[in-house]
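Worksheet: the structure to be examined is printed underneath.
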Amino acid sequence: MPEGPEIRRAADNLEAAIKGKPLTDVWFAFAQLKPYESQLTGQLVTRIETRGKALLTHFSNGLTLYSHNQLYGVWRVIDTGEIPQTTRILRVRLQTADKTILLYSASDIEMLTAEQLTTHPFLQRVGPDVLDARLTPEEVKARLLSPRFRNRQFSGLLLDQSFLAGLGNYLRVEILWQVGLTGQHKAKDLNEAQLNALSHALLDIPRLSYTTRGQADENKHHGALFRFKLFHRDGEACERCGGIIEKTTLSSRPFYWCPHCQK
């Protein structure tokens, strides 16, 4: 499943295609959304926001389209008039004069008012987004040490979107390697230096992945700069210590680690 950096880059691509352009045609597959087709035609997409793995498409009339891709949903950008060759089921079409964005296969789609945005169940549960530039390491550290999270093992905590939105499995692996910790640790057991290092890594690594083009190839590189240190590299030598990277399962997900330098 795509993680925060990939979701944000997808949103960037959608924004680049249609932001600020009048919508010439709007289509929804679900009956409960049909009344909004006419309301949105002629409106502008003002921005596309990410909250973890959810997308919020904001329109100039104050409405917001909430969509969560879950496992199978995917957005596509096409030239207006193009007919894509796909077996996927179309759910949403937002068309402008030159570009059209399409949402396929997703089922978690809603139209929200500004007031409903503040009470939506998923948006209420989800934690601060690691790609939100306003989020600081100090705030992350306070969150780690809060009663809600301080007793949680990192193996599960770093997959929990209510802790920090946008994290996922490859980020969990890379963050824990960066700070030299295994997934069994808890925030309450770390010393000050470890807490500070983890608080920074929880923001620095997702942001590096995003700025260097996200998950381009799971085995190789995140664009030009971001390269997996451990993920999908079991059996290879750890570049920090020379130990052999191992693969196991933590919280029902594949986990890669170096037994020699992660303690």
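Just so it is clear, glycine is given a Cβ too, placed from its N, Cα and C backbone atoms.
These numbers come from a predicted model, not from an experiment.
Around the Cβ of Pro2 (active site, schiff-base intermediate with DNA), 16 further Cβ atoms fall within 10 Å across all displayed protein chains. In this structure, Pro2 (active site, schiff-base intermediate with DNA) belongs to neither helix nor strand by DSSP; it is coil. The active site, schiff-base intermediate with DNA annotation in Swiss-Prot covers Pro2 and is backed by sequence analysis.
For Glu3 (among others), the entry in Swiss-Prot reads active site, proton donor, with the evidence type sequence analysis.
Counting Cβ atoms from all protein chains shown, Lys53 (active site, proton donor) has 22 others lying within 10 Å of its own Cβ. Positions annotated as active site, proton donor by Swiss-Prot: Lys53 (among others).
Among the features that Swiss-Prot reports, active site, proton donor is placed at Arg253 (among others). Cβ-based neighbour count (10 Å, all protein chains) for Arg253 (active site, proton donor) stands at 14.
A helical conformation is recorded for Asn169 (DNA binding site) in the three-state DSSP classification. Less than 8 angstroms from the CB of Asn169 (DNA binding site) sit Glu3, Leu159, Phe231, Arg253, Pro254, Phe255, each of them six or more residues away in the same chain. The annotation DNA binding site is assigned in Swiss-Prot to Gln70, Arg125, Asn169.
The feature zinc finger is assigned by Swiss-Prot to 229-263, with sequence analysis given as support. Only residues 6 or more beyond the boundaries of the zinc finger (229-263), in the same chain, are considered here, and those with a CB under 8 A from a CB of the stretch are 155-156, 159, 169-170, 172-174, 176-178, 180-183, 218-219.
Lys53 (active site, proton donor) sits 8 Å from Pro2 (active site, schiff-base intermediate with DNA), taking the C-alpha atoms as the reference points. Taking DSSP states H, G and I as helix and E and B as strand, the zinc finger (229-263) has 0 helix, 12 strand, 23 coil. Per the record's binding annotation for DNA, residues Gln70, Arg125, Asn169 show a top Cα-Cα distance of 20 Å.
The two recorded residues Arg125 (DNA binding site) and Pro2 (active site, schiff-base intermediate with DNA) have their Cα atoms spaced 19 Å from each other.
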